[in-house]
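> Sharing a structure with you now.
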Amino acid sequence: MIKYLIVGLGNIGPEYHETRHNIGFMTVEALARINNAPPFIDGRYGFTTSFSIKGRQLILLKPSTFMNLSGLAVRYWMQKENIPLENVLIVVDDLALPFGTLRLKGKGSDAGHNGLKHIAAILGTQNYARLRFGIGNDFPKGGQIDYVLGHFTDEDRKTMDERLETAGEIIKSFCLAGIDITMNQFNKK
């Protein structure tokens, strides 16, 4: 069975639950729920669960290292499960995209995101797939930290379930059809 590591970035703790910065956690939680995966288990460097589709095992990870040390969890679980870099997908919040916009990329810069920055530093490369989930940037100058650690608006919540489902479709397509086909299919939406 071919293994994939799907990492939703976020911060642990009730104060961060369902904040914009935790959209990665929310995405893998929704993917697990929709696919009837068992509950997440507290393991080394994170909480994991898995499910299989068409000969592929998707291992879902919510790092418990806090955002800025996410690379430790990614490296550990890649090594533990013997997963090659091309089978790793990081789900991350993105301030530069309007809320709900989803963009799959095969590589790229960290765009100022400390979780991605640490992953690149630990893995020694920026050449890993990431699914950027737009959280918008409707905040006053100097208000970025409060914004990303804030909760979604009622307006955002209206489309949240649909956007999380679409993110799950993108993740499954990444595992089944590959990144190029998936980017062509979904990045236009």
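Cβ atoms here come from the backbone N, Cα and C positions, even for glycine.
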> Kindly point out which candidate in ASN35, ASN36, ASN114, ASN127 is recorded by Swiss-Prot as part of the tRNA site with TYR16, PHE66, ASN68.
ASN114
> Taking Cα atoms as reference points, which of the recorded positions HIS21, PHE66, ASN68, ASN114 is nearest to ASN11 (site 'Discriminates between blocked and unblocked aminoacyl-tRNA')?
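Result for ASN11 (site 'Discriminates between blocked and unblocked aminoacyl-tRNA'): the nearest of the recorded positions is PHE66.
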> Take the C-alpha atoms of TYR16 (tRNA binding site) and ASP93 (site 'Stabilizes the basic form of H active site to accept a proton') and report the distance between them in angstrom, rounded.
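If we compare the Cα positions of TYR16 (tRNA binding site) and ASP93 (site 'Stabilizes the basic form of H active site to accept a proton'), the gap is 13 Å.
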> Whole-number answer please: how many Å between the C-alpha atoms of ASN68 (tRNA binding site) and ASP93 (site 'Stabilizes the basic form of H active site to accept a proton')?
13
> Ten-angstrom check, please: count other Cβ atoms within 10 Å of the Cβ of PHE66 (tRNA binding site), all chains counted.
17
> What same-chain residues, at least 6 away in sequence, bring their CB to under 8 Å of the CB of ASN114 (tRNA binding site)?
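Sequence-distant Cβ neighbours: MET67, ASN68.
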> Around the tRNA site (TYR16, PHE66, ASN68, ASN114), what further same-chain residues have their C-beta within 8 angstroms of the site's C-beta centre?
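The surrounding set, listed in chain order, is ASN11, HIS21, THR65, MET67, LEU69, SER70, GLY115.
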